[in-house]
Amino acid sequence: MAHDTLYASRPRRARRARRAAGPGPLRPLLRWDGAVGLALLLVALGAALLVDGFATAGNVRFLLLDAVAVALVALPMTLVVVTGEIDLSVASALGLCSAVMGRLWVAGLPLELIVVLAVALGAVLGAVNGLFVTAFALPSLAVTIGTLAAYRGLAFVVLGDDAVADFPFEWTDAVAGTLPGGAVPWAMLLTALLAVAFGVLLHGTPFGRGLYAMGNNAEAAAFAGIRVARAKFWLFVASGATSGLAGVFWTLRYASARADNGQGLELSVVAAVLLGGVSIFGGRGTLPGVFFGVLLLATLRNALQLADVPADTLDIVTGSLLIASVVVPNAIARARARPATGRAAPAGEPTAPPRQERPEREDTEDAPA
Amino acid sequence: MPLRSVRIPRIPRTPHSPRGPRRAAAPGRAARLGVAALAACALLATAACSGTTREDGESDRDAGAGASSTATADPNAPLAEDLAVAFLPKQVNNPYFTVADEGGHAAVEEFGGEYKEVGPSEASASSQVSYLNTLAQQHTDVIVTSANDPNAVCGALNSARSAGARVVTFDSDASPECRDLFVNQATAEDIARTQIELIAEEIGGSGQIAILSATPNATNQNAWIELMQQELEKPEYAGIELVTVAYGNDEDEKSFQETQGLLSSYPDLAGIISPTTVGLAAAARYLSGSEYGGRVALTGLGTPDQMREFVHDGTVAQFALWDPADLGYLAAYAGAALASGQITGAEGETFTAGELGEYTIGADGEIVLGPPTIFTADNIDDYAF
């Protein structure tokens, strides 16, 4: 198309340069999400060989149960961050939903209804974020830092320092229950199914493509006919609803509805999302990468705990991993960009700022769901 | 980056643009997204039969309680050798628990067991659960823990017990049906009474006082505060008015600021009780550096090392605490006695805790270390923790 030939010269040249630099068949592993998946596999294998008690059904079950809440919240978070926004209020929304759940249970409502209400409440909390971000065009970082504090405060208003713990045993037991074999909790299976749904949404629908477009340039996306504000609003609603669901899971898993449930979880979620290769600036990242990221962090933590590595060392390891996950792709991108820009930009022409090179990396956005 | 969020131009809103029909479909698609989570929760809801309310479950709540031992105690059984004893405090690198765990370490060395300390770097119940699961996987014989949430750790404690571990809680109890023994540092009544006695003595029996607590949901502190309020209702304390409870969240900075806030909000404040070591040290630091030092009385629970300079400079005349090292020491011996079959955890059984001597198990499997120790300028230098 004429449209293509007008714009393709630079990316094409860059692509040619990259092709010359890297061997073809190893490409998938060179992509960040592939690398995270590979790291997950290596860590799991290494732990199974080196750490006593790691490769047992019971341990895998605990590992996956510990990862469920982070994994759940990370799914919509991936989409939110891809659009260039962030939702830091997720853990507080989780806590508020948990507190409300406890309050309603004490009030004598049936648990089936409470679960639905808790998720609906989460959606409303997300809608509040969405409204501020879209209708009032406020930065989501500021809005959700505000609601992070506000929702947690509300949770304490609802339940104070009480804990509601008398949830029925069949429910708390079922939440921690596993599929036959004893290794995979059904809660993780449900999370994986949701991950597939979110993955299809992000990678297989025009809506999902639109999210990348607005992450790269919201204005251009709006001009291209993408309803940026509407999409972002619904992403925040989804983020809230999923936090509500995670709150239900958390409450039943620990058989304890408390206002401080999940405190600090937002950092684990954002860490997993970044480790999974989603750019904090938006426009880049894949859902499988994030899912691997969540599992990689959980596996590493579990294996190191079993190996009696002290908590502070453990924090240092996860922190370093996170920094590496930001630094390494950046370094690779710079290394790749240098020869490309060198050829593309003759002397005298201003060097392209890094953001404009993003379209060249569209392979990272196109992961199969 | 969210910071450079872009104002959305209104231009593409023209209804006749070629993409019009597609856009009409978008809200439906987006709505389905929101519904996805709801659908997932419907799945959750169908997992159990309909209409589970609180009343239904009341009777079978105890069904899941952990394996209660039916074995009989043999008071003369020797302490088993090579017991694997793990200390899981509320939080590692917390000076209080470090001292308590070192006391446990000393005890474990005495009876020839294998000691280790594990735990989260932040005091949360969920991370404790993950550590408990790990300990169960490692087939630990004795788990000595201080619960961040009495109920949240319950399931994990019970699965560790069915894997063969004996569970002793110390400092902060878990639900009684989830552990074998609880080693209480001092009864809550003793702690509350001691602190009220100390403050009453220092402010001369009348005046306004305030409490600077830990977090608003700290189990121990809240129990003590409630008992302190009851204690204040006694006629001999009629002149003392508790004006407020402030929360420093067990953070030094926040506690410092809260103390500052208390003194500016209540100019007639005669004394402050801080029933938490972090709060007491921060309040003392504020007082000693301000005009209020020596004028406003301060007491509470603190460690000698943290309070030494403030006792010597006259900011704080006296404060109370138990010796956490003794607490850990006693808990380790209690666990070893359980694992060796000397005791089963039933009321009235006795065992010997090394150099601390003999202890008797009270109601609900509780063992009390003893009355709190009062630290003053005269004796503070005898303690180092």
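Just so it is clear, glycine is given a Cβ too, placed from its N, Cα and C backbone atoms.
Just so it is clear, the model here is predicted, and its values are computed rather than measured.
Feature annotation from TrEMBL assigns compositional bias 'Basic residues' to A:10-19. Residues or ranges marked as compositional bias 'Low complexity' by TrEMBL: A:338-350. Among the features that TrEMBL reports, region 'Disordered' is placed at A:1-20, A:337-369. Positions annotated as transmembrane segment by TrEMBL: A:35-55, A:62-82, A:183-202, A:233-252.
Between the transmembrane segment (A:233-252) and the transmembrane segment (A:62-82), the number of CB pairs under 8 angstroms, six or more residues apart, is three or more, so the stretches are in contact. Counting same-chain residues at least six beyond the ends of the transmembrane segment (A:183-202), those with a Cβ under 8 angstroms from any Cβ of the stretch are 57, 60-61, 64-65, 67-68, 71-72, 75-76, 78-79, 82, 175-177, 208, 211, 242, 249, 253, 286-288, 291, 369. Residues 29, 275-277, 288-289, 292-293, 295-296, 299-300, 302-303, 306-307, 325 of the same chain sit 6 or more residues outside the transmembrane segment (A:35-55) yet have a Cβ under 8 Å from a Cβ within it.
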